[in-house]
Number of protein chains: 4
Amino acid sequence: MRPSGRHFLQIPGPTNTPDRVLRAMSAPTIDHRGPEFAALTRELLDALKPVFGTTGPVVVYPASGTGAWEAALVNTLSPGDRVLCFETGHFATLWQEMARRLGLRVDLVPGDWRHGVDPDEVAARLRADGAGLVKAVLVVHNETSTGVTSRVAEVRRAIDAAGHPALLLVDTISSLGSIDYRHDEWGVDVTVAGSQKGLMLPPGLSFNAVSDKALRAAETARSVRSFWDWRPVLEANARGLFPYTPATNLLYGLRESLRMLAEEGLSTVYARHLRHAAATRSAVRAWGLEVLCADEREHSASLTAVLMPDGHDADRLRAVILERYDMSLGAGLGRLAGRVFRIGHLGAFNDLMLAGTLAGVQLGLVAAGVPVKGSGIDAALERLQQP
Amino acid sequence: MRPSGRHFLQIPGPTNTPDRVLRAMSAPTIDHRGPEFAALTRELLDALKPVFGTTGPVVVYPASGTGAWEAALVNTLSPGDRVLCFETGHFATLWQEMARRLGLRVDLVPGDWRHGVDPDEVAARLRADGAGLVKAVLVVHNETSTGVTSRVAEVRRAIDAAGHPALLLVDTISSLGSIDYRHDEWGVDVTVAGSQKGLMLPPGLSFNAVSDKALRAAETARSVRSFWDWRPVLEANARGLFPYTPATNLLYGLRESLRMLAEEGLSTVYARHLRHAAATRSAVRAWGLEVLCADEREHSASLTAVLMPDGHDADRLRAVILERYDMSLGAGLGRLAGRVFRIGHLGAFNDLMLAGTLAGVQLGLVAAGVPVKGSGIDAALERLQQP
Amino acid sequence: MRPSGRHFLQIPGPTNTPDRVLRAMSAPTIDHRGPEFAALTRELLDALKPVFGTTGPVVVYPASGTGAWEAALVNTLSPGDRVLCFETGHFATLWQEMARRLGLRVDLVPGDWRHGVDPDEVAARLRADGAGLVKAVLVVHNETSTGVTSRVAEVRRAIDAAGHPALLLVDTISSLGSIDYRHDEWGVDVTVAGSQKGLMLPPGLSFNAVSDKALRAAETARSVRSFWDWRPVLEANARGLFPYTPATNLLYGLRESLRMLAEEGLSTVYARHLRHAAATRSAVRAWGLEVLCADEREHSASLTAVLMPDGHDADRLRAVILERYDMSLGAGLGRLAGRVFRIGHLGAFNDLMLAGTLAGVQLGLVAAGVPVKGSGIDAALERLQQP
Amino acid sequence: MRPSGRHFLQIPGPTNTPDRVLRAMSAPTIDHRGPEFAALTRELLDALKPVFGTTGPVVVYPASGTGAWEAALVNTLSPGDRVLCFETGHFATLWQEMARRLGLRVDLVPGDWRHGVDPDEVAARLRADGAGLVKAVLVVHNETSTGVTSRVAEVRRAIDAAGHPALLLVDTISSLGSIDYRHDEWGVDVTVAGSQKGLMLPPGLSFNAVSDKALRAAETARSVRSFWDWRPVLEANARGLFPYTPATNLLYGLRESLRMLAEEGLSTVYARHLRHAAATRSAVRAWGLEVLCADEREHSASLTAVLMPDGHDADRLRAVILERYDMSLGAGLGRLAGRVFRIGHLGAFNDLMLAGTLAGVQLGLVAAGVPVKGSGIDAALERLQQP
């Protein structure tokens with residue numbers, strides 16, 4: 001039995017899927033080889049481009065985001081290739097572990113999980129690689145485990161400054177559609193994304209936006225690949241088809257969510273996320289708690305990770321909040337387990353949903369006996385009075 | 001284009017229909033004369049009884065609540081009959097106007113729209129009617145326009161004390177399924193209800209719970225009636241049928257909402273509404289505003305009407321809140337137009353939805369330039385920390 | 001447990017609601033006093049007009065069709081008024097019984113339930129009424145119980161030829177949106193309709209299209225009325241409102257179904273129904289069975305009633321078909337009980353659904369041991385090969 | 001604009017998703033790391049087993065079926081391993097091409113696309129492989145491109161008779177949930193399946209049922225793998241989790257469809273498919289057309305591929321049927337392009353849907369000018385009169 005009223009799904013994704021998207025998804029499945037489907041494919045492939053900030057192709061996988069990580073690697077790299085990775089958090093760590101499993105050699109820059117990728121470090125590392133052994137730089141744009149957003153444009157400039165030919169592969173799983181992102185302008189080679197965050201869909205779709213340089217790399221890359229291979233997808237897409245059965249009903253939902261983003265306007269969407277993130281940090285500080293992200297330039301607009309005071313367990317807090325207030329918050333992952341909780345404020349969201357969310361955290365902190373300095377909700381509302 | 005995130009529908013009904021109910025309603029319509037439908041009818045007619053607190057019949061109309069008002073009158077009364085009405089608010093006023101239109105003579109006890117029905121007045125009026133000319137007493141249990149709940153059990157005792165044979169007709173449109181109610185125990189003769197409040201459905205169904213005494217009155221009542229006539233309905237219901245096409249898909253939703261009420265437990269449901277009403281009043285008082293209801297014994301558990309300070313227009317406030325915070329609040333109705341706004345906290349609701357709601361009011365008051373003494377949301381959260 | 005696959009709901013209404021309409025209906029309920037709702041009201045009231053063939057007002061009731069019958073009578077007539085009715089079938093009979101219950105005096109022209117209203121009889125009756133005692137002529141356009149469509153345009157001409165001032169009230173419950181109908185052109189005064197047939201919605205909405213003459217009659221009619229009174233509805237509609245809570249989610253569905261009718265085009269819709277009716281009659285005749293309708297000019301385009309051979313019970317056949325083939329057919333009603341079954345071929349329908357339907361009847365006839373002369377399905381397919 | 005009525009989606013998958021499943025899928029997404037999700041995972045993993053006929057683990061991928069093919073290969077085999085494949089049709093061909101791309105060596109037994117795998121050939125090939133170089137035998141249980149069902153139990157016996165240790169990998173994408181299948185009893189090592197056929201879901205989920213022997217093979221297999229790796233999935237599943245974000249809403253649909261299969265009973269489901277296939281073949285033969293499958297023991301119960309007469313193009317026929325009768329049929333694939341069309345009669349289906357389907361084919365054949373000998377629909381109905 002579910003408690004009364006709506007559940008607050010405030011993990012940093014999957015997000016609160018709009019009922020409009022859920023209704024779109026509940027239309028009957030159609031023939032994926034018929035003319036109606038071809039029209040859908042073409043509409044989607046066009047409508048995706050502005051969200052990625054690209055005029056190039058976007059490959060859509062009927063698979064969740066982890067698959068699109070794998071696709072980015074196996075399409076562009078060969079076994080034994082060296083990739084430069086940054087330990088910015090749990091998902092960055094998982095991605096480099098995947099790279100190792102796929103036979104790549106990983107140069108890992110360690111990190112404290114409170115900062116994003118350091119563009120200076122990128123420059124230094126690449127300058128040191130005169131032989132051009134590093135084939136790709138892997139960056140997680142928005143670390144879902146820490147609430148830290150790396151400055152991808154600056155990373156790009158660092159690579160350019162080093163005059164290095166490495167590909168730039170960027171994970172935008174928890175930023176795309178929530179945080180300003182520019183695949184073309186920033187010279188990203190592969191952008192990895194998923195459906196269940198800013199795109200406001202359930203999980204089950206993932207994406208690779210692909211630069212010309214990446215397409216060229218794919219021609220020579222020797223990683224074994226079949227399902228993830230871009231080439232048959234791009235070839236079939238040109239005819240409105242997919243090389244294997246697409247996830248039709250999720251594509252219906254995607255059509256609807258892309259329309260919603262276009263209606264609201266991407267710049268409005270990004271501003272909304274920034275404003276909610278600022279209000280959330282106001283609340284956290286008013287409670288006397290610490291935001292995990294340690295660099296003012298890198299606060300995530302889509303989620304906020306909060307450090308628990310010593311002696312208090314974040315998972316117990318989350319359990320209390322789930323039990324008493326029917327809200328799901330994100331757990332601390334990996335080395336942050338038990339030490340942080342994460343508030344998702346992304347996707348289909350608004351001021352009053354945020355207020356309810358922060359009220360739930362505040363009530364939960366009190367109920368769990370975590371010392372609270374002041375009213376976070378008041379601080380947040382003060383921030384929300386401003387545009 | 002709708003703004004981002006979920007609309008807060010905080011009028012005192014229709015309420016936020018649970019997605020579970022909406023999904024149930026979206027099943028294909030079935031044959032209303034077939035065996036599957038007959039089973040549905042029987043399940044519903046049984047499951048409705050505990051919500052009304054009756055073991056007697058409940059008549060279901062494929063019509064909104066105003067129709068069930070008419071049904072209560074035309075089934076039990078004859079043209080020229082005298083009925084005792086109380087001006088407790090807008091809907092009580094509409095009901096007695098309807099009675100007049102239907103040819104009844106109305107004894108109207110005036111009121112200030114801040115109090116419920118005075119049981120002593122009931123007793124006095126009926127004692128004065130030695131000839132038994134008053135055929136029915138009409139009471140609105142929970143005045144949706146004022147947030148005042150009349151004490152029906154005490155009204156019953158007053159009628160009994162007067163030894164008067166009048167029927168007791170009660171409107172529970174905004175209380176049923178939200179506020180403790182006992183058709184049988186309180187000796188109510190006709191209970192009028194609708195689908196779109198505590199029953200958590202869209203509008204389109206309405207109800208008459210009917211006592212034996214009311215059934216007997218129906219045998220002699222001479223009001224002209226056809227669509228609203230109980231007799232063919234009760235006769236058809238006995239065979240799992242309706243005398244005319246029922247609103248099948250709303251009945252699907254009703255099945256689901258009755259299951260939800262049973263799962264949560266009616267006493268838990270009632271306690272939840274009382275708690276949310278108390279928290280709302282805490283907020284109102286912290287803002288320095290006045291609750292319309294003037295009697296502590298009569299605060300509604302399903303909605304709170306709030307008086308605006310002089311010089312401030314409630315409708316402007318509501319427009320600001322709708323525009324900026326995507327929340328609908330109830331308008332002041334009739335003589336209260338512009339002077340009050342109403343917060344609905346009934347139906348499928350929970351603490352965080354209430355927090356979002358009250359945050360929206362607080363933000364709106366500030367945005368509309370209404371002077372606010374303190375943080376209502378803080379006061380409400382304090383109340384919500386208690387069970 | 002439901003059997004595998006889709007149920008065939010081939011009663012003559014409610015019809016197979018399109019999933020597109022069901023999805024539209026499952027959107028969250030909105031404030032019926034807010035601006036979004038006002039826009040919906042205005043869109044609907046405009047979009048309804050062409051379906052009725054009128055430029056005048058259409059009153060929408062949150063109630064099923066029987067209510068709209070009552071509305072037509074109580075808004076235009078006074079107790080004791082004389083109305084001319086025709087016993088064309090079960091629903092014509094129910095309507096005149098309702099008229100009697102509402103205090104009207106009924107001149108009933110008997111009928112054999114196999115013919116529509118005889119325009120000559122209309123002329124004769126009205127000519128005989130030199131005193132103008134007959135205040136209204138009541139015609140069921142398409143008798144859902146018999147599959148006979150009365151020729152309303154000819155009835156109009158008969159009234160005119162008689163120079164009689166009687167109002168013309170027409171029930172189009174099972175024809176509107178399926179069979180060509182012209183409220184204005186045919187000089188109909190009140191057109192009664194419901195949501196659950198050609199409008200492809202679940203039951204729960206009903207309609208009165210109203211002529212100027214009917215509006216004038218409403219000013220002097222003395223029938224007691226409140227819920228059904230047109231005047232407050234028309235007044236509120238002018239502001240995008242309803243005088244009592246409307247059935248919001250059914251209105252969402254109505255918006256969608258009106259869009260579907262407009263997309264297909266009304267003339268295409270009518271032609272489709274005619275074609276399916278012709279194919280159905282081909283099947284019936286090939287089986288060696290008799291169509292109930294006895295006049296070639298009066299075959300209904302929305303349903304076909306079929307006479308059972310002597311010694312065979314239609315309800316047993318229907319039970320066999322429901323049990324074995326998961327299809328609901330219409331029962332014989334009133335004096336036709338057990339003697340006819342009715343095939344609905346209206347609403348959201350197409351050739352292959354009709355083929356499945358007729359296959360189910362054919363299979364059922366065999367399974368029930370009803371003698372069958374030839375293959376009805378073959379005959380129907382032959383007809384369907386033509387446009 | 002869609003034509004009136006329901007589209008007939010009679011390709012051999014995706015199938016007509018039941019509205020019950022679509023409604024289940026439209027529930028809000030929940031936290032995939034919370035307790036409610038863990039309970040869902042456990043329910044699903046248990047309920048899947050009987051459908052596969054296994055007591056062992058079933059791995060669920062948030063990806064379409066082609067992914068599960070890849071998973072079966074990379075988890076059990078190493079680059080350079082030899083696999084025995086049979087050219088039974090288009091999908092068998094695609095699977096062996098995938099095997100080649102993944103670095104395996106393929107022994108391909110050619111075929112005429114009208115027969116299944118020949119168990120004698122399996123035995124002969126494996127007997128000839130005294131050195132045990134063949135590591136796996138790949139069989140497509142039901143060839144979706146040809147309507148031929150290979151006799152897996154006999155293949156198993158052939159492997160055993162040869163005393164060969166090769167793994168048996170079986171694709172059941174278009175048979176699972178439609179055609180009797182027994183992973184454990186038949187000694188299958190990996191069963192590959194998808195969501196969009198007999199499981200009645202939209203595409204987007206796929207499955208590997210895994211034997212103990214396959215699990216042991218996975219310990220030593222050296223194919224590079226990450227997303228498809230069984231081990232982290234099985235480990236996470238034990239705690240009710242997935243190693244990456246699962247396709248939550250498709251899992252909701254899976255819960256519903258597994259309940260539907262259990263309610264109907266698997267043996268009833270299989271018998272229903274056999275009966276519909278037999279009726280379809282009766283129709284094909286009555287039309288004077290030829291069923292592609294050339295072995296009476298191997299007719300598919302889930303689809304029927306039909307050969308066009310010389311001089312007639314199957315794709316033109318399909319286009320006519322789509323245009324005039326709003327039905328999608330399957331195209332001839334690969335070398336069968338233009339020469340066959342395929343009728344899907346699987347998933348949520350019943351007699352009248354089949355009748356509508358076959359009527360559509362018959363009407364289409366006439367409309368496209370394909371010579372037709374007799375009434376296929378009559379022949380089919382005759383067959384359907386029998387249980």
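Cβ coordinates come from backbone N, Cα and C, glycine included.
Keep in mind that this is a model prediction, so the values were computed, not measured.
Annotation source TrEMBL lists domain 'Aminotransferase class V' at D:9-318.
The Cβ neighbour count for D:Lys197 (N6-(pyridoxal phosphate)lysine), using a 10 Å radius over every protein chain in view, is 29. The annotation N6-(pyridoxal phosphate)lysine is assigned in TrEMBL to D:Lys197.
A strand conformation is recorded for D:Arg342 (substrate binding site) in the three-state DSSP classification. Residues or ranges marked as substrate binding site in TrEMBL: D:Arg342.
All chains included, 25 other C-beta atoms sit within 10 angstroms of the C-beta of D:Arg342 (substrate binding site). Annotation note: D:Lys197 (N6-(pyridoxal phosphate)lysine) sits in a coil segment as assigned by DSSP. Note: the Cα of D:Lys197 (N6-(pyridoxal phosphate)lysine) and the Cα of D:Arg342 (substrate binding site) are spaced 14 Å from each other.
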